[in-house]
Amino acid sequence: MQKRFPLNKLFGYLFVLASTLIMVVPFLTTVFNSLKTYKQYMQFPPEWLPDPVKWSNYSQVWEQANFSSYTVNSVIVAVLSVVGTLLSSSMIAFAFARLKFPFRDTLFMIVLGTMMIPGIVTIIPQFIIFKNLGMLDSLTPLWILEWLGQPFAIFLMRQAFLSIPKDYEEAAKLDGCNPFQIYWRVFLPMCKPALATLAVFTFMGKWNEILAPVIYLLSEEHFTLPIGILSLRGQYKTDDQLLVAGALISLIPILIVFLFAEKYFVEGSKTSGLK
Amino acid sequence: MKKSKFLSVVGIASLAAALLVGGCSQSSTQQGDKVELYMGYTSDPPTKKKMEEIIAKFEQSHPHIKIKTVTAPYEDFYQKLTTQIAAGNAPDIWQSDGTKVFGFAQRGAIRDITDYVTKEVNKDEVLGVEFNKDASGKYWGVPQGIQVGALFYNKDLFDKAGVAYPTADWTWDDLKAAAAKLTLDASGKNADDPAFDKNAVKQYGFTFFGSSRGAFNIMKAYGGGVLDPTMTQSIIDSPENKKAVEWMADGMKRKLFPNPAELKAFQSNFKVFLSGATAMQIDIYAATTSMNGAGLNYDVAPMPKGPDGKRFAPVIANSWVINKKAEEQKVKAAQEWITYWTTSDEAQKEWAEVGEAIPVKKSVANSEMFLNPSIKPDNKKVFLDSLDFAGTIDTNAVFAEWLKVVTDNLAELFMDKMSVDDYISKTDQGVQKVLDDFFKKQ
C-alpha cells in the first residue's frame, strides 16, 4: 500500500515555504534593484527584473564610494570595538555578578539607568570632550568608548554569569584561582554563546554606525564605509541603484562574522550544564 | 595599596597628557603669510569633484590662501555643522542652504556681512543678492547657486491626451482644467468623463508637495502666504489663503492630484513625476538633473497666475555665509573667495556644468553655455524670467518648525480629516505659536 503523505507535514512545508519567500523576496528585490539603470529604478509600477542587467553598478560604486580604503577604516573601528566591548563589559559584568562590594547593586542600577539617556543628547558634550582631547578627525572616538564598558553589554554578560552555578566558582577557588583567574579561565570560556552574541551585535552596530563617523571625521582618509555609501546621496539627485549596490557589498562582512559566530552558538548549547 | 596608588598616578598622568595633546592640536592655522581658510560645503561625488577643481584654481590665483574643506552629503553636513557650531569649531565659511541662512543669522552663528555686500558685490552682476537681506536690511550671505521653481510638464503625457502644453498665460484654474484631462483611471477614462473611476487612478494631472514644490506657491499666487514681511506674524487666516486651500482641496477630492497617502505609495514624492505617473509638477531647477537622468521628455513653463493675475515662483538662494567667530584675516580670505565665486566666469561655468543650480553670475546664467539647447529642458529661460516674480518661501529662524505645522495640517485636510475652515484656524494658531515661542523669547 502506498504510504500517504501526512497532511500536517504538508502544512509544515507550506508554512516554511511561505516564511522563506517573505524573507527571500525583499532580499532578491534589493539584489535586482542594484542591477538596474537609474531610469528603470525610477519606473512605477516597478519592474522586478533588471533590464538591462547593469553589473557595472558594483564597480562604479566601489570606485565612487572609495570602498577599498573606507573598508579598512570600518574594519579597524568594528574590530577594536568588539574586542573592547567583550573585554571591558564582561569584566565589569563579572564584578557585578560575582564580586561583593559596597553599593554594588545601586551601581548596577545606575549603569542600567544610563541606557535610558538617548545617545543624541550626549553628542555635543562628547564632541567637546573629544575636541579637548585632540581626538577629532581620528578613528579613536569611534571605538574608545567601547573599552569603557557598554551598559547593554554589561547587562547581557551579567545575566550570563549569573546563570553559571556557584559550584564552578568554588571549585576554582579551591584550586587556588584568584577572582581574575576565575573570570578569565572559568567564566569567560563558559559564556562563549553570550560573547558571540555580543560580538555580533557590536560588530553590526559599529559596522553600520553613521552618526558618530559623520560628526567626528573630517578627512576622507578616515572615513568609514557607511559615510562612503551615503556620500553617494545628492541633495537633488541620488543614484539609488548605486546606494543599494553599496549597501549589498557592505553586507558581506556582517554575513561572514555571523557565520563565524554561529559555530559558538551551537557549541555553547552543547557544553552548558554541570557534569 | 601601593599598586592602586601607582595606577591612579598613571591614570591622572595619561589624562593630563591627553588634555595637553588636545590643547596642542589646536595649533595655529596660519603658516607664514598664508591664511588657512576652513570651508564647508554639501556634496555628492560629482559636486565634490567640481568644487575641488574650483578650489584648486582659486588657490592658484590667490597664493596667500590655502583652503581646508569639510564636506558631506546634505543632511549629514548640517548634522555635523550643528555640532561644530555648538562646540565652537565650525568652518570659517560654509555653503548654507537658502532656507537656513536666516536661521543661522537669528541664532547668532553667522556674521552680518552688510558692509561687504554693499561695497563689494555688484547687484547688477550677481543674481539673488536681495534674497539674503532680512527685514531690517542686513545681508547675511551671498548666493552660491540659485534655485527657482517652475511648472514642469511631461510632454509625452500631454501629447497622448491631446492637451496643449502649458503657456505663460495659464492661471491655476487653467492648470486644473488641463489636469482633469490628464488624470486617467485604469481603463483610460479621464477625470472629466462621468464614468471616471476615482478609486483606480493610474495617472495624475498635477503633483505638489513640500515647501518650494508645494502649497505655498499657490497660496502666494492667490494673494495669500504664510508670514508677514517681518517674518514674525502668521497671515494664514486670510480670505485669499482660504480660496487657495479650497482650490487644492477640490483637486484632491476629484483625485486630480495625489494626496499624501497616494504619494507614499511611490516610495519617494519625486518618483511620481520621474516615473511618468503625473503630467505636471512644481519643481526647482535642480530637478532637471534627475529628470534628464530618467530620460523624461519634459519641459518647463512659468508658474501659473492667481485669480487676480498675481504670479509667484519660489526661490532658494543657496549662499556662502561667514562664521561669526571667524578671525578677521579669515573673514577677509572668505570674502576673497566669495568675490572669486561670484565674479569668475571660469568658476561659474565650471559649477554650472554640474547642472545643480542656476549660476549666480548674470552673464553666465544668460550665456549659451547655460541655456544650452542640447540639454533638456528646452525652455530654460523660464527659470531666469521667473526671477522677476520670485520670492523666498518665507524662510526664517523657525522655518522647519512652521513648515511642519503647515504640511501636517495640509495632510489632514487632503486626507479629508479636516475642513478648510478648521485648517485655516488651526494652522494659523499653530504657526503663530511656533513664531512666538522663538521670537518672543529672544
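Note that Cβ sites are derived from N, Cα and C of the backbone, with glycine treated the same way.
Feature annotations, reproduced from TrEMBL:
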DOMAIN    A:71-261  domain 'ABC transmembrane type-1'
TRANSMEM  A:12-32  transmembrane segment
TRANSMEM  A:75-96  transmembrane segment
TRANSMEM  A:108-130  transmembrane segment
TRANSMEM  A:142-161  transmembrane segment
TRANSMEM  A:182-204  transmembrane segment
TRANSMEM  A:242-261  transmembrane segment
Checklist entry - Do any residues of this chain, six or more beyond the ends of the transmembrane segment (A:182-204), have a C-beta under 8 angstroms from a C-beta of it, and if so which? => result 78, 81-82, 85-86, 89-91, 94, 98, 146, 150, 152-153, 156-157, 159-161, 164, 168-169, 172-173, 254, 257-258, 261-262, 264-265, 267-269, 271-272
Item to check | Top Cβ-contact partner of the transmembrane segment (A:75-96) among A:12-32, A:108-130, A:142-161, A:242-261 (pairs under 8 Å) | outcome: A:142-161
Next on the checklist: Out of A:12-32, A:108-130, A:142-161, what stretch is closest in contact terms to the transmembrane segment (A:242-261), meaning most Cβ pairs under 8 angstroms?
Outcome noted: A:12-32
